[in-house]
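Let me begin by presenting the structure, written as structure tokens, before commenting on it.
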Ligand SMILES: [Cu+2]
């Protein structure tokens, strides 16, 4: 017995030192990361990107609202748990607390309340979905083609189709006019891809044989990054693209530039054999990678 006491004291000393170190580490982490206005914005948006489109604002509001509702519920439930743990902890008298059964008000509460929560979450989700998937006639339509392993963007211009396409080495750029609604018609000749721009807070599957579309209204000029969100195959990681939101005048200049460069067809390029030619990969490379 006499030997155990110093050992115990030692252990609790180490424990306290570790706890202090952990607390210091936590405080310095918060202090070091929580200063810039950029990271403050990230905290406010709960890690969502700053939406670059009008539609993205609704998605962000849904995200924030859902987290706030979940946190309020969490605090309430944690409170009840800690209350029960402390109030009914084991005591020396070893008396079992009153066992509550057939408590009708309590049972009604925990049945009705989750149903109300699900209804509220569901109604807000449907409301935001209607905003994000709004189908009213857009100002512009761009046919987006996902292909193994890049993207082609077809813009109607001058009663023709002008296009830009990436290849194995070049990441294509999707140019969009600001303050105008642009619809993306999503097409693929091969496998399922997923077209998305994190800054737009939306993505959608690009599926063979299915004509998916959505539209966005970019609200500020800038450069963004886009990518394929579906693990579509061996060179999936190459399916990146840039997005440039420009003024109407710059957009017209850009389209004219594509026409002048001869990147013109009668109809939007939808891929197929043409898409595979665009890949820019040595066929033997692709074969090796397949194995
Ligand atoms: Cu893909």
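Just so you know, glycine gets a Cβ as well, placed from its N, Cα and C.
Annotations in TrEMBL come from automatic prediction, not curation.
Positions annotated as domain 'Cytochrome oxidase subunit II transmembrane region profile' by TrEMBL: 40-136.
Here TrEMBL flags 137-257 as domain 'Cytochrome oxidase subunit II copper A binding'.
Here TrEMBL flags 61-86 (among others) as transmembrane segment. Counting residues 6+ beyond its ends, the transmembrane segment (61-86) has Cβ neighbours under 8 Å at 45-46, 48, 117, 120-121, 124-125, 128 in the same chain.
Look at TrEMBL and you will find 107-126 (among others) tagged as transmembrane segment.
In terms of DSSP helix, strand and coil, the domain 'Cytochrome oxidase subunit II copper A binding' (137-257) has 16 helix, 63 strand, 42 coil. When the domain 'Cytochrome oxidase subunit II transmembrane region profile' (40-136) is classified with DSSP, helix, strand and coil residues number 68 helix, 1 strand, 28 coil.
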